[in-house]
Each structure stands twice: as structure tokens, then as C-alpha cells.
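As C-alpha cells, the structure follows; a few thoughts come after it.
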Amino acid sequence: MGATGAAEPLQSVLWVKQQRCAVSLEPARALLRWWRSPGPGAGAPGADACSVPVSEIIAVEETDVHGKHQGSGKWQKMEKPYAFTVHCVKRARRHRWKWAQVTFWCPEEQLCHLWLQTLREMLEKLTSRPKHLLVFINPFGGKGQGKRIYERKVAPLFTLASITTDIIVTEHANQAKETLYEINIDKYDGIVCVGGDGMFSEVLHGLIGRTQRSAGVDQNHPRAVLVPSSLRIGIIPAGSTDCVCYSTVGTSDAETSALHIVVGDSLAMDVSSVHHNSTLLRYSVSLLGYGFYGDIIKDSEKKRWLGLARYDFSGLKTFLSHHCYEGTVSFLPAQHTVGSPRDRKPCRAGCFVCRQSKQQLEEEQKKALYGLEAAEDVEEWQVVCGKFLAINATNMSCACRRSPRGLSPAAHLGDGSSDLILIRKCSRFNFLRFLIRHTNQQDQFDFTFVEVYRVKKFQFTSKHMEDEDSDLKEGGKKRFGHICSSHPSCCCTVSNSSWNCDGEVLHSPAIEVRVHCQLVRLFARGIEENPKPDSHS
């Protein structure tokens with residue numbers, strides 16, 4: 001039995017799964033470790049030593065020894081055994097987390113209580129963990145399993161971690177957004193949405209809008225500096241598309257997401273504002289797509305009766321239609337970023353690129369604050385015009401089950417930029433080659449008809465709408481000249497597409513987009529780099 005001080009390690013010989021083990025708790029490293037120790041004394045930890053960071057312990061409970069089988073074997077040596085159970089995170093394959101339990105048996109009641117008290121005191125110091133959450137459940141999204149998923153996989157973990165909740169099962173579209181505008185959100189430590197990307201978007205818009213209203217910020221002003229919210233958003237995937245969850249956690253698994261919420265993880269994420277004629281249309285965190293992806297989402301809305309199959313049907317129809325759209329894209333390159341769209345360095349937990357880019361962007365903003373001119377008037381805008389099959393802007397990789405690397409594999413979650421991908425008019429065969437590369441390890445940008453830029457602002461004007469939206473075009477002409485390439489004339493009728501904004505249709509072709517660096521925070525930590533499955537045995 002070991003003694004402990006304020007910051008001294010606690011070490012004892014206990015029993016785990018009928019094996020004699022040395023167990024150590026190191027406050028300085030916030031680490032619980034145990035290893036087999038068959039001989040006298042604790043011994044040194046070997047290769048089979050197990051460990052759990054205190055930050056990944058969910059709860060510690062005194063074990064009901066009468067409910068355990070102790071009538072045979074080595075338990076006979078203990079006249080009155082005592083035990084405590086550590087509930088913790090266990091890493092599984094493919095970035096999944098599992099709820100694991102390890103029970104430690106003690107020969108003395110005093111020793112058992114010492115371990116319980118010490119572990120609980122360390123857990124109390126973890127101030128980033130939520131205590132009270134507001135939960136929105138979409139009972140209709142995906143396969144209609146939202147309520148069942150929450151009750152079976154999430155609620156037990158919240159109860160174990162002593163997290164209290166207020167639950168709202170939504171009955172109509174935009175209910176979550178409207179609720180966040182009306183209620184007192186200061187009493188919560190975070191907002192949890194159970195559903196797909198659509199449900200997350202509702203909560204995102206409600207939280208950002210409520211925060212700006214409280215701060216007196218006009219969201220309709222394209223140059224407005226938006227105020228970040230102090231609340232984090234948790235996503236429990238239960239929808240037809242879970243792109244945001246997959247790109248920030250690495251998997252679409254409800255138990256994994258619930259555990260990230262319980263341990264109080266925090267991940268800052270960029271948000272793009274989309275304006276038209278000084279009116280806010282929407283916010284975007286994943287994909288803004290014009291042309292191919294815009295046509296798919298618009299067509300699929302007419303076929304909701306097909307269920308999830310509508311996306312495949314509309315995708316095939318749009319591919320065969322092979323429409324291209326003429327227009328002008330003007331953008332401000334993201335000079336503050338330390339990466340590039342083709343550097344093959346994906347965003348991972350503790351991302352260096354996001355940290356450095358955030359710091360450099362803050363330095364730029366300070367210089368602009370004390371300078372004579374605004375930074376965007378000093379920096380050089382660029383313009384690309386032509387006929388495009390697709391124009392995509394991604395704030396994240398947009399990875400999902402079908403495309404594990406996403407639309408832009410090296411896009412970063414919190415670097416204050418968006419990857420602008422322009423797909424020029426090409427043959428159906430070449431466009432198919434481009435799409436197929438999203439499902440494998442090949443570089444989807446390695447085509448002559450594909451251009452990709454890392455930007456912090458961009459504007460688009462459709463050729464068909466140039467007369468109506470000439471103010472955007474004329475503003476661009478004063479600052480820069482056009483960069484045009486010679487391409488075969490389009491055989492399609494010149495017309496307008498729609499924008500796919502995180503799965504919602506925007507009917508205005510002319511938009512102005514600005515990236516707001518790390519505007520919101522999620523209960524996530526980013527995708528971990530090659531995590532090894534844990535063995536708490």
C-alpha cells in the first residue's frame with residue numbers, strides 16, 4: 001500500500017481480472033497505469049503494461065462486490081474484498097472509441113476508498129467537461145433512428161458521467177434554430193444535436209445568430225467581424241449524411257461522438273458566411289458547390305420519396321446531363337496559411353497548420369487595424385472566368401464513408417481558409433476519372449481541367465446574371481484583370497445552376513463568401529494520427 005501527497009504518485013498492489021498487478025497513479029502525468037506483478041513488491045512495468053490518461057476516464061465507481069463472482073480461486077485469499085471500477089475510453093479500429101470498464105480489487109476498505117477519493121479529486125479538476133447540455137433530437141433524419149440511438153448509446157454515458165440534459169425532440173424544420181434564438185442558453189455548457197448534417201446546420205445557424213444578436217453584430221454585413229460563441233456543439237451522427245462528424249472525428253459512430261462530449265474535447269472550426277447583395281443567405285462549414293453538386297441537391301429535393309436512394313439517382317442523372325455553366329470567380333488567396341491544397345498533409349488532432357495559420361491571421365488583422373488601408377484592399381485579388389462543370393469550396397476535407405479522403409484531402413478545419421476547386425469543361429470520361437479519384441489514393445487535382453486555390457474570400461457571378469449583378473463584376477475590374485483560358489465552346493445552353501450549401505439549396509448564383517477563422521467549437525479533437533487500439537486487459 002502506498003501513501004500519497006498533493007502531487008505524489010499513488011502506488012499499490014491490487015488485483016485485476018484475477019491477476020496480481022502493480023497499479024500506479026501519477027498526478028504529474030495525469031496517468032493511471034497497471035502491470036502484472038506476480039512476485040513480491042510492485043516490480044517494474046513491462047511491455048504488457050496498460051495505461052489510461054485521467055482525461056479519458058469517464059467515471060470511477062465503488063463496485064458492488066456481492067454481485068461479482070468471488071467464491072473460488074484467488075479471491076478466497078481475501079476475507080472481505082473491496083473493489084472500484086474505472087470507466088474509461090478504449091480505442092478501437094478506424095478511429096472508433098468504446099466504453100470500457102476495468103475493476104480493481106483491494107484487500108482493504110481503506111485502500112479502496114483512498115483510490116476512489118484520489119481519482120475523483122483528479123476528475124473534478126477537469127473543468128472542460130460539460131455538466132449541463134441542451135440536446136436536440138431529429139426523429140425523422142436518416143433512417144429515423146435518432147431517438148433510439150440517443151437512448152441506447154448516448155444517454156447511459158451521459159448518466160454515468162453525471163451530465164444532466166434538457167432534451168427537445170424536434171417536430172418541424174428549423175425548430176432547433178428558432179429555439180436557440182428564444183431560450184436562455186447561458187445555463188448550458190454545450191449544445192448536442194442528434195441527426196445528420198442538416199440538424200447540425202440548424203444548431204450552427206441558431207448558435208451563431210444568437211451570439212451575433214447578443215453582441216450587436218449585423219450578420220447581413222459581408223465584412224462584419226463575427227463573435228465566436230462560448231458554447232461547444234456536439235454531433236451524434238444519425239443522419240443520411242454525417243460529413244461534419246466524419247471529418248472532425250474520423251468516423252460516424254454515435255458512441256465515439258458521445259465519448260468525445262463526455263471527456264470535454266474541444267475543436268475550433270472555420271465557418272464561411274455566404275451573402276448576396278448585402279444579405280446573409282447561409283453559413284457553411286463543409287461544402288459550397290455550384291454546378292455538379294448544386295444540380296444534384298436541387299434535383300434530389302424533388303425525389304425525397306426515394307429516401308437515401310435519391311442522391312444516387314440524382315447523381316447519375318446529373319452526370320449524364322453533363323451541364324456546364326459560364327461565370328466569373330474572383331478570390332483573395334489565403335497568404336496567411338502555412339499549407340497548400342496539394343501538400344498531402346491532412347488536418348489531424350493538434351494540427352500545426354491550424355495553430356500557425358490562426359496566429360498569422362491574427363497578426364495580419366493587427367497590422368490592418370493600425371494601418372492606413374484595410375488588408376483586403378492591399379492584397380491582390382485574382383479572377384478566373386470560363387465554363388465550369390463544378391465550382392466547389394470546402395472548409396474541411398468533406399470525408400465520408402464513400403470518399404474516405406474527401407473532396408479536398410489536405411483542407412484544414414481551423415486555418416481560416418477554404419479550398420476553392422474549379423473543374424473546367426471537359427469530357428464525360430475525364431470528369432468520371434476525376435470523380436473516381438475521390439474514392440482512392442490518387443491526386444484528384446492532377447488534371448489539366450482542375451484548378452485548386454486556398455482562399456479566404458471569394459465571389460462568383462454567373463454569366464447569365466452579370467447584368468443583374470454587375471456591381472460585383474465592376475468592383476472586381478477596378479482591382480484586377482481577368483485570367484482566361486481558351487477552351488472549346490460549351491454545347492450546353494447557358495443557364496444558371498444552384499449552390500449546394502451544406503446540403504441546402506441556394507437559388508442565387510451570385511454570392512460573396514468570407515471565411516471566419518475558428519468561429520465555432522465542437523466537442524471533438526480532430527482525427528487522431530494512426531491511433532493504436534487499446535488493450536485494457
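Including glycine, each Cβ sits where the backbone N, Cα and C put it.
Per Swiss-Prot, the annotated phosphoserine among residues Ser403, Ser408 corresponds to Ser408. Looking at Ser37, Ser340, Swiss-Prot tags one of them with phosphoserine, and that residue is Ser340. With the fewest other Cβ atoms inside 10 Å of its Cβ, the least crowded of the modified residues Ser340, Ser408 in this structure is Ser340. Each residue contributes its Cα atom, and for Ala173 (ATP binding site) and Ser408 (phosphoserine) those atoms are 30 Å apart. Fewest Cβ neighbours within 10 Å among the binding-site residues Asn138, Arg304: this applies to Arg304. The two recorded residues, Arg304 (ATP binding site) and Ser408 (phosphoserine), have Cα atoms 28 Å apart.
The Cβ of Thr170 has fewer other Cβ atoms within 10 Å than any other of the binding-site residues Thr170, Gly239. Note on the region 'Essential for enzyme activity' (1-115): its mean pLDDT in the predicted model is 83. Between the CA atoms of Asn138 (ATP binding site) and Ser408 (phosphoserine) there is a gap of 29 Å.
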